[in-house]
């Protein structure tokens, strides 16, 4: 059989699913493209005569590429993979694998990277959920692989164990730990009657935050006034603003005005659990950049903490809202 025709058939049949796996592993469309490209290169050079489950085998190949990329990211966390490191010797962008429209779904190596497509990234993030991407980005590479493959793509623990070089029981523990993080099980929810009261408070808190999100996104000044306490205070880190200094807004009209002025940025946010209670997160490419933490008393917002300082962001726990 012509290897090129065989490979093209695999791309057509499995390409979309493999990109979905890679995107959930990496949180970036461009990196997922690279991972799938690298996987196809490996597939085209492999002996597949004895492969019985081609779909599972392809998933493992892509997962192994993604695992290597995640481990590299972990080693140099300060350099986001979507921003190419400059050539230390004399500038310029190093070539990397990019998708060439004329080369089919597998793509080819075409030199310097192109800028990420913001619209495509936004669509993919919406399909998975920004909060989910943020939480996945806090997991270790092994936890992320175990959770994504098992919980999202139903890959058995023994197969994941082979990939991670761990026992199925150890992989089960990795997935369980990741699942607790995703669901926010460590957020401090109470039990019994007190827990039921706290749950009701969280539900009301969530309603208020989601109403604030909608009103800010739509620039609805009057709706914001109805949600804010007259003595509300908003404190924003300098990193969240164009200027060099942190900002404090006091009073209902000042905070509502600030919220409507930030409507474009709010549209890039999404509700999530922030330190165990509903808030908002901004996370382009799944990398947490801004968090809004709300204090709600008697159904009104009394304080908003806009967290963007990298040191403070590292102390924030984000989980996915049910």
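Cβ atoms here come from the backbone N, Cα and C positions, even for glycine.
Among the features that TrEMBL reports, compositional bias 'Low complexity' is placed at 102-114. If you look up TrEMBL, you'll see 187-196 marked as compositional bias 'Gly residues'. According to TrEMBL, the domain 'RNA polymerase sigma-70 region 2' annotation covers 10-76. Summarising the annotation, TrEMBL assigns domain 'RNA polymerase sigma factor 70 region 4 type 2' to 133-181. If you look up TrEMBL, you'll see 76-116, 181-201 marked as region 'Disordered'.
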Averaged pLDDT, computed only over the residues in the domain 'RNA polymerase sigma factor 70 region 4 type 2' (133-181):
91
What are the helix, strand and coil residue counts for the domain 'RNA polymerase sigma factor 70 region 4 type 2' (133-181) according to DSSP?
41 helix, 0 strand, 8 coil
Could you give the number of helix, strand and coil residues in the domain 'RNA polymerase sigma-70 region 2' (10-76) as assigned by DSSP?
55 helix, 0 strand, 12 coil
